[in-house]
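Peer 1: As annotated by Swiss-Prot, S-palmitoyl cysteine applies to Cys3, with the evidence given as similarity to another entry. The phosphothreonine feature in Swiss-Prot is assigned to Thr15, Thr180; the stated evidence is similarity to another entry. Sequence annotations record features per position, and here Swiss-Prot assigns phosphotyrosine to Tyr30, Tyr187, Tyr389, Tyr500 based on similarity to another entry. Among the features that Swiss-Prot reports, region 'Disordered' is placed at 34-53. The domain 'SH2' annotation in Swiss-Prot covers 122-219. Per Swiss-Prot, phosphoserine is recorded for Ser440, and the stated evidence type is similarity to another entry.
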Amino acid sequence: MGCMKSKFLQAGGNTFSKTETSANPHCPVYVPDPTSTIKPGPNSNNRNTPGIGEGSEDIIVVALYDYEAIHHEDLSFQKGDQMVVLEESGEWWKARSLATRKEGYIPSNYVARVDSLETEEWFFKGISRKDAERQLLAPGNMLGSFMIRDSETTKGSYSLSVRDYDPRQGDTVKHYKIRTLDNGGFYISPRSTFSTLQELVDHYKKGSDGLCQKLSVPCVSSKPQKPWEKDAWEIPRESLKLEKKLGAGQFGEVWMATYNKHTKVAVKTMKPGSMSVEAFLAEANLMKTLQHDKLVKLHAVVTKEPIYIITEFMAKGSLLDFLKSDEGSKQPLPKLIDFSAQIAEGMAFIEQRNYIHRDLRAANILVSASLVCKIADFGLARIIEDNEYTAREGAKFPIKWTAPEAINFGSSTIKSDVWSFGILLMEIVTYGRIPYPGMSNPEVIRALERGYRMPRPENCPEELYNIMMRCWKNRPEERPTFEYIQSVLDDFYTATESQYQQQP
């Protein structure tokens, strides 16, 4: 980081960022991430104590992947290396290698506590049933590929998910509840009980014993993204190299860029004057706290005009462009409904956090290389200072996606986002066709006042169209919640059957 010098947080005294600026007046200022919290580990003042790793309170972690240090404050390690945690600080922890005794920062999502389930390749922590299905059905897996995950419904319990094949449905995933014995053991069927999950896995690898398939190999998992650089929230423009223009919107451009020569990112450049720096920074600090795997991750900001918004890079671009592409236009209906379910999941999180998107449409959904849909630009609409966008007569106002009460009275709520989601469903099922084809904005407003709603496209199932029509109820309070919409879309093809298999 050039002119940064390493300082570590000290319990009880003044706190220093890892990347505090030096006295050099030309050194660009890095401002810490507003969401990071610091927890000194039990060994933080124990630096030279012999036998670290033997105390009862020590947090010993093992590396799940290799990591090559980018900065001199970081600690390189190989898969399988063990380290003692000195300080838990957001996504980067300070640790000491038990082998080399070297200290430095490590990405916390690259390690797991020794002897924890997370060290097992078949254990997927905190993954939902639906995401388990998405991952097991992804390329690279086979019949009998499996994972054990935390139960969504019963805290402290687990579920087994297995890839299967059904002549009618094709590739599918079956789920089994793993039940717990009073003595701490585990079973799927009461006739076969095990003292550990490892024993359970070994047993069902030898034979299916009533499961749909014999367990073959753990579900393929990719190395997680490294956490964003520690304490790099407000960053200098010079740290970014804009490389390829990905698109241009009403308020700026989107670029593929490299941060500090090592991290691929997307950069949204805002036209000067499109928003006040103070309002933007206040909103960005709030947006930074909204972290969910179906929301585009906000990494950093440049707060001098022109404002830059730095986010994770999404390889397939906007959902709108993807749906119109050769690859997107070949996606079958179940995949389109899966896209819709992913977006509903992200919006259910926004709803739960009492936040509002205000500009939900296919152009503001981004698609990853593995076809994960993530919501982008949440909250930005609120701070735009452009009458062309904020006034309903303005050329940039997204009339066709906007709920009547937001058009007429300017009142945006999560229920107006639900209306927009109904329009977004129509965009998805028509592969990116503009809503209300052939109608101008004033014609749309007049038609809505008469009670007009877009008709059902030929390829759209009645049940999906019913969701759209519920999203377009005139009275906002009669529209469904995103939580409800997510539950319907998640189980769109399986609502009539039990999600979990009966005991074998």
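The backbone N, Cα and C atoms fix where each Cβ goes, glycine too.
Buried or exposed, and what's around them? Tell me for each listed feature.
Peer 2: Secondary structure at Thr180 (phosphothreonine), taken from DSSP and collapsed to helix, strand or coil, is strand.
In the three-state DSSP reading, Tyr187 (phosphotyrosine) counts as strand. For Tyr187 (phosphotyrosine), the same-chain residues lying six or more positions away in sequence with a CB closer than 8 A to its CB are Ile178, Arg179, Leu181, Thr193, Phe194, Leu200.
With a cut-off of 8 Å between CB atoms and residues at least 6 apart in sequence, the same chain places nothing near Ser440 (phosphoserine).
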Peer 1: Tell me, how many other CB atoms lie within 10 A of the CB of Thr180 (phosphothreonine), whichever protein chain they belong to?
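Peer 2: If we count other Cβ atoms within 10 Å of Thr180 (phosphothreonine), we arrive at 13.
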Peer 1: Counting each residue once, how many in the domain 'SH2' (122-219) are helix, strand and coil under DSSP?
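Peer 2: The composition, in the requested order, is 18 helix, 32 strand, 48 coil.
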